[in-house]
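Chemist: Sharing the record's features from TrEMBL:
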type     : residues : note
TRANSMEM : 20-37    : transmembrane segment
TRANSMEM : 49-67    : transmembrane segment
BINDING  : 107, 136 : UDP-alpha-D-glucose binding site
ACT_SITE : 136      : active site
BINDING  : 277, 301 : Mn(2+) binding site
ACT_SITE : 441      : active site
TRANSMEM : 513-531  : transmembrane segment
TRANSMEM : 551-574  : transmembrane segment
TRANSMEM : 595-616  : transmembrane segment
TRANSMEM : 644-661  : transmembrane segment
TRANSMEM : 673-694  : transmembrane segment
TRANSMEM : 706-726  : transmembrane segment
C-alpha cells in the first residue's frame, strides 16, 4: 500500500530536546509571574504603578508564548513521489490553471509578464493549463505587456522544455545564468535573450510614455476596449483570450500546443464597493469557470514568479493520493523572496516562519492560506463542505463548447465580472474569497478548515515561488501593518479562531491561527518594555530583582534560553548570525510601529471612525535606495510618524543609559550597579540594537538618513517623557 502513496509525512527531529526546553521556559515564566505578583511595592506611587504595568506586560507575553507553542511542538515535513504519479496514474486526466493578479501602479508590467511566462512553462501538458491575468488596475499597458508575452511564449516555452532550464521566468533566468559553452545552445540562447530584451524594451518604453503606439493597437481587437476614456476605478469588464488552447493554430515555434492565456479586468464603478483583492479573485473564479473550469486553481501574486517547474506536479501528488488526498482542500507553498540581502537587513526573509511555523501548523490541520503560491480545489472556493466519500471530478473541464466562438465566450465571461453580478448572492460570504478583511486570504483559509477540509504545506528544496520583498524600511512597516491589522481584525470579529473554530478545528490549530492574529496587540507590552525599565534606571525605580537575589535566576534563564534557541532556529532556517541580530532589531521596530498602528486602526474601524482600505506594498525603489539596500544601510529619509517613534525610543534609551550609568558609577541617588543590573543590561541591549538609528540621526548625510525634523521631534518627546512623572 505504501508503494501507492504519492506523498509521505515525516516528523521533524529534535522535538524531545525542544519540549524539554519549552517545559523549563514555562517553569521560568511561572516563577517570574509569581515573583511579580508577590513583590508588588507598597504604597500608591509611580513605582507601584510601573511594577503592575510590568506584571501586565509579562502576563500578556507569557500568554502569547504559550500560544506560539502550537506551531513548534510537532512540526512535519512533506515529501512527494512525482515518479509514482506519472507511472501509476499519469497526469492526463487532470487539469490545472493558474491565476495572477496585477496592479500596474505598484508592479511594473515587465515584472508581471515574467511571472506569467514562468507559470506558462510548467512541466505539465499545455492543453490542460490555463493562465489568467487579473489586472485590477484595468490598464492598457498591462494588456499590451501580456499581448507581447503571448508572442514571446511561442519561443520561450519550447526553449525552457528543450533544455529543462530553471527558473522559467526569463527575467530571473537571464539575470542569473551564464552564457552556455556549447556553441549550438549559445546561438539559441542569444536569440531568445535578444527577443526578450527587445520585448521588455518595448514594454518599458510604453510604460514610461503611458500609452501604447497606435500601430500596435490595431494588431489586436482587445485594444479597442480602451478606445473610450476609462480609468482604473471606472471601467467596463474586460475579458480577452489572447491564446486559445483549444485552437489547433495556437502552437509554439515547434508546433506544440500552447496554454490558454486570458486577460481579465473586472468592472469597476465609483458607486460600487469593489472589495479589493478578494473581489478580483472571486470575479476570476467565475470567469475561469466558463473558459476552462479546471478542478484546481492556483493563485500567485504577479511579483512571485515560478521558480520550480515541477511545483504543479508536487501539488497534484497531494490531491491525487488515494488514501488521504480527498480531504486536502489546498496546498500552500511558502512565500520566498529573491532580493534579500545576505544579512536580511529588514528581517523580511520569513525564514523561521517558512521553515518552522508553517511546518508546525501542517501537523495540526494545515497551514494558513497566505494569498499566493497556493493550489486550491475549485469546489472549496465555491463553499463546498467536506463529506466522507467525497470524490473529485477530475474531468470537469469545459467540454462540448468548442462550437462557441471566442467572442461569445468572452461576452459570457464579461457578464460574470460585472459590479452588479454579486448583488443579493453569497459571493464573498459563503462562496469564494471572503470580504470585509484586509487579509482575506487568512479568513478564507480558516473558513475552509472549518468546513472540514485540511491543507498541507509543501516546502521543496528548490523554492516553488520567488518574489520581490520590501527593500526599504517604509515598505516593510507598511506590509506588516497591513498583515497585523488584518489578522487582529479577524481576532476581534465573529471569525475569531477560538469561537468560529470551536468544535470545528483542533485547539492547537486555533492557537496556530492566533500566533499571527495576536501580532498587533504584542505592540503594547513591547512598547512598555522598551521604555519603562529604561526610565526606571534613570529615575532610580527598581523593576527587577537585584543580582544577589535568587529571583534573578528565572529572569536570566528565560532571556538567555529563549534568545539562544531563537538564534538556533534562525541559523537552522538559513539566516546568518548578523541576520538574526537584524531580525531582533526589526522584531522590535515592527512591534512599536506596524503592530501599534495595526491595533489603533483596527479599533478605529470597530468604532466606525475609519473605513477598511487595502494598500499594495510597492516593489519599486529609486537607484539610491536600491544601492543603500544592497549595502545593508537602513533607509529612513522621510518625516513619517513611524520614524519619529523609532527615533524617540532609540534616543530615550540612549539618554537613560548614559544618565543611569553615570548615577550608578558616581553613586548619585544611591543606585549601585548590582541593584539595577537587569535594567542596565536591558537598556544597554536596546542602545546597541539601535546603533543604525543613531548613525542615521547623527552621522549619515545621505538621503536615507533621518531628517532633522524627526530628530527634533524625537528630542521633544524624550524631554517630555523625562519631565513628566510617569515613573
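Numbers here mean position along the shown chain, with the first residue as 1.
In case you wondered, yes, glycine gets a Cβ from its N, Cα and C as well.
TrEMBL labels come from automatic prediction, so no person has curated them.
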Chemist: I'd like the number of other C-beta atoms within 10 A of the C-beta of residue 107 (UDP-alpha-D-glucose binding site), please.
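Modeler: There are 23 such Cβ atoms around residue 107 (UDP-alpha-D-glucose binding site).
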Chemist: How about the transmembrane segment (644-661) and the transmembrane segment (706-726): do they have 3 or more C-beta pairs under 8 A, pairs 6 or more apart in sequence?
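Modeler: With 3 or more qualifying Cβ pairs, these stretches touch.
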Chemist: Can you name the binding-site residues among 107, 136, 301 whose CA is within 10 A of the CA of residue 441 (active site)?
Modeler: none
Chemist: Quick one: pull the CA-CA distance for residue 107 (UDP-alpha-D-glucose binding site) versus residue 277 (Mn(2+) binding site), whole Å only.
Modeler: 15
Chemist: Can you tell me how many other Cβ atoms are located within 10 Å of the Cβ belonging to residue 441 (active site)?
Modeler: 23
Chemist: Compare 20-37, 49-67, 551-574 by their Cβ pairs under 8 Å to the transmembrane segment (513-531) and return the stretch that comes out on top.
Modeler: 49-67
Chemist: Hey, which bits of the same chain come close to the transmembrane segment (551-574), Cβ under 8 Å, at least six residues off its ends?
Modeler: 18, 21, 24-25, 27-29, 31-32, 35, 39, 349, 351-352, 354-356, 544-545, 580, 583-584, 677-678
Chemist: For residue 277 (Mn(2+) binding site) and residue 136 (UDP-alpha-D-glucose binding site), determine the Cα separation and express it in whole Å.
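Modeler: About 8 Å separate the Cα atoms of these two residues.
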Chemist: From the Cα of residue 136 (UDP-alpha-D-glucose binding site) across to the Cα of residue 301 (Mn(2+) binding site), what is the distance in angstrom?
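Modeler: Residue 301 (Mn(2+) binding site) to residue 136 (UDP-alpha-D-glucose binding site), Cα-Cα distance: 12 Å.
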